[in-house]
Amino acid sequence: DEDRDEDVGETDADAEQDPQKAVTDGSGGNVVMRNDDPPVVQKNPGVVSPFEVLVKAVGRPGYREFDPTVILFLTFPAFFGFMIGDLGYGLLYSAIGYFLYANYDSPAFKSMGGVTIACGLFTMLFGILYGEIFGLHLIATYLWEGTLGLSSAPLHKGLQPADIYWAQAWLTISVLVALVHLNVGYVFGFFEELEFHGFKAALTEKGSWFIAMNGLWLFVFSRLWANSKPSFLYTVFDGTGTAPEASGEFAGAAFELGFNGFSPVVGWVGLGLVLLGAGLLAMASFAELLEIFDVLVNVLSYTRIAAVLLAKAGMAFAVNLLFFGAYQHDGEFHFMLNHGPDYYIQEYGREAIMFGGLFHGGAAALLGGIVVLLVGHLLVLALGVTSAGLQAVRLEYYEFFSKFFDGGGREYAPFGYDRHYTTED
């Protein structure tokens, strides 16, 4: 026993002087290394960090993966704010976000508060550009037209017949946003494949989709076989007043950029790129070639941005129509804020009146109208989360993340423990 105690004492002393030798001697020279990636700690700037909660809902980034939190910070509030686009709703969203951030100690609640504040700020920004507050064009009237002397607000939602080309513009812009968003995802995916599996895998598995998608949409925006495509693709960014060969007539330009389609030569190049991308994809996996139409479907999925914009604008309009009443003149809708229906009947005729409005129907109608107004706008506010919020989440998670993000990273918990036989109250 004394010899055994002396051996142990000598080993402890050796370990203090040469830990590496002690480990080697104690293991007999055999060491098994596990090839696990280290745990992950996400480090983002203060204003970006609340969006980590959205990434973690899918999965913590792997140790060698790109952390997409900063991309969500740049795109998610912009998607949300564009789809709602109202100063009044934006103020309420920001107030709700501040309440969550200031009154809860939970990191999850604070993060959701920060995300909600950002969404509210973008909703206010677009609301000012649209000139709307709770669906009323008061900002357009008093700021853009009254103070700044413009003929109207810089942007329109396209809900009114006179502004229908704006709705077409938002559909087109939704496609352009999709191309930028998805291209970023494919680029991230390409470089991750390049690092993990080499150039060939990166080119055939990610580069193929990048090439095919961009080729297809070069063709779509070209004047090749233009008569088979929607004419607004060539008019909403034109503004020259000429009749492009693609459209047959000048419909209206939301943004006068002088663009009325790429040349047919660019269209042929685009079709060639589609074939090249399909060939590269077949080299990676012939079965995936069956999904080549995703380069069309994934992009068209982003048109939900324009659809939600019009839907939310229509809901707010319906609430205000019931309360204030409205008339139509020269393709524009006007709420009866200053006068009753009789005044506008004399000015524009009875057929111009869309609805007389509960506000102008006596005391009982007024009380009922106030309930409709409050409940209606609260409903629009709530549906903004379940429509604009969920649609933005879907675009980020399904369309964008699927191009490069796997998740599966381990949380860094240096002082963690696993409880087996007891519980913690």
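Glycine residues also receive a Cβ, built from the backbone N, Cα and C atoms like all the rest.
What TrEMBL says about this one:
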{"type": "COMPBIAS", "residues": "1-17", "note": "compositional bias 'Acidic residues'"}
{"type": "REGION", "residues": "1-38", "note": "region 'Disordered'"}
{"type": "TRANSMEM", "residues": "70-101", "note": "transmembrane segment"}
{"type": "TRANSMEM", "residues": "113-144", "note": "transmembrane segment"}
{"type": "TRANSMEM", "residues": "164-188", "note": "transmembrane segment"}
{"type": "TRANSMEM", "residues": "209-226", "note": "transmembrane segment"}
{"type": "TRANSMEM", "residues": "265-293", "note": "transmembrane segment"}
{"type": "TRANSMEM", "residues": "305-327", "note": "transmembrane segment"}
{"type": "TRANSMEM", "residues": "363-385", "note": "transmembrane segment"}
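Residues 175, 179, 182-183, 186-187, 190, 233-234, 244-247, 260-264, 266-274, 276-278, 280-281, 292, 294-296, 298-299, 403 of the same chain, all 6+ positions outside the transmembrane segment (209-226), place their C-beta atoms under 8 angstroms from a C-beta of that stretch.
Listed as Cβ neighbours of the transmembrane segment (70-101) (distance under 8 Å, sequence separation of 6 or more from its ends, same chain) are residues 44, 47-48, 51, 54-55, 109-110, 112-130, 132-135, 139, 157, 181, 184, 305, 308-309, 312-313, 316, 377, 380-381, 384, 387-389, 391-393, 395-396, 400.
For the transmembrane segment (164-188), same-chain residues at least 6 beyond its ends with a Cβ under 8 Å from one of its own Cβ atoms are 66, 68, 71, 75, 155-158, 206-207, 209-210, 213-214, 217, 230, 232-233, 235-237, 251-255, 298-306, 309-310, 395, 399-405.
Same-chain residues lying 6 or more positions outside the transmembrane segment (265-293) and placing a CB less than 8 Å from one of its CB atoms are 201, 203-205, 207-220, 222-225.
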